[in-house]
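Here's the structure we're looking at; comments come further down.
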Amino acid sequence: MPTVGSLVYIMVELAIALLAILGNMLVCWAVWLNSNLQNVTNYFVVSLAAADIAVGVLAIPFAITISTGFCAACHGCLFIACFVLVLTQSSIFSLLAIAIDRYIAIRIPLRYNGLVTGTRAKGVIAVCWVLSFAIGLTPMLGWNNCHHWGEGENQSQGCGEGQVACLFEDVVPMNYMVYYNFFACVLVPLLLMLGVYLRIFLAARRQLKQMETQPLPGERARSTLQKEVHAAKSLAIIVGLFALCWLPLHIINCFTFFCPECPHAPLWLMYPAIILSHFNSVVNPFIYAYRIREFRHTFHKIIRSHILRRQEPFKAGGTSARALAAHGSDAEQVSLRLNGHPSGVCPNGSAPHPERRPNGYALGLVSRASARESPGDTGLPDVELLSHELHGASPESPGLEGPLAQDGAGVS
């Protein structure tokens, strides 16, 4: 008979699963609908959201099931126990890829579009998921406790022949969880991300100081770089929340492993730690909505148009939700980009390819200066203005003009 504590745990987990599914589906929906959000950085954001959706759909139900200690074949129980590790690892790799993407955008913006393409990003995402399955399912290859259960130990649990009481620590060895999963596959990537974001902020600070000595036109480049820093801060917050949510559970595992004579952590401590780790799958959409204007406006449009059924539809892959909210008419929706053309329209009238957008539109933080551009002006941009705006965005490349400068745009 489940205890009151177990019932509360199950109810909280189900609520988290529902929020994780709905919130992260909203993120994927926003990227699909809003062309301003269809950039390389957000490919990794969608991969992260997909992992969080899988936590709600699969990992949390698995965690609830395994908490009951039901009787099952050892390797079946082991797969259920390991699946959440796959999703955790995928989240970590996505966060690391985002950090590296933002580092390239700020440190070497003029090479960003050449180095970071949509095709390469999709390849990196595929590799990340393959590695996540390989790391998370490593216990299935033999690093497990199933051989112990072949010696009759399962009989004390009241399970039949060939079955075990399915509990996480009974099938997954703690040395795997501490040395391999935590130290090698969680802590090391988190430290790498800490180093990458530290270098991002130091590089941005150095460039901003250099801009202070430039004449007035450098203010546009300063604003551009500040938007990149704002995007980096938003993503660094997501990394910090990931660490905050997952470290308590890993710390408990370390105590269990390094102090076997100590009493095992009680359920009143284990349940909150497990819930906190799963709650991490809920928080990211709120960070996007709070910190990133383009996501916030798109979420608002989706809720109004598709959920509340108010008549404000917008085209997938076309103009942005922000432009629709501002103008309300397909003929007037302009949401200009740095190339001087309306959102969703190339000079030849074709739809744009997402991977060719300037790196400055990572996460959809659109420059207010470009948003105020005249709707009727669909001609070529003012090359001199672009040159001044981008002057000083990178210490390695002062004084670039025209098309070259456009590739290095640093708006975020």
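Any Cβ shown, glycine's included, is placed from N, Cα and C.
The adenosine site in Swiss-Prot is built from Glu169, Ser277, His278 plus one of Asn42, Asn113, Asn253, namely Asn253. Disulfide pairing as given by Swiss-Prot: among Cys146, Cys159, Cys166, Cys185, Cys71 connects to Cys159. Topologically, per Swiss-Prot, Ser6 is found on the other side of the membrane from Ala105. In summary, of the candidate residues Asn154, Asn348, the record from Swiss-Prot lists N-linked glycosylation site for Asn154, whereas the others have no such entry there. The record in Swiss-Prot pairs Cys166 in a disulfide bond with Cys77, which is drawn from Cys77, Cys82, Cys245, Cys254. Cβ atoms under 8 Å from those of the transmembrane segment (78-100) belong to residues 41, 44-45, 47-48, 51-52, 54-55, 58-59, 62-63, 65-66, 72, 121, 124-125, 128-129, 131-133, 135-140, 144, 146, 166, 168, 171-172, 181, 185-186, 189-190, 192-193, 196-197, 200, 235, 238-239, 242, 246, 277, 280 of the same chain, restricted to positions at least 6 beyond its ends.
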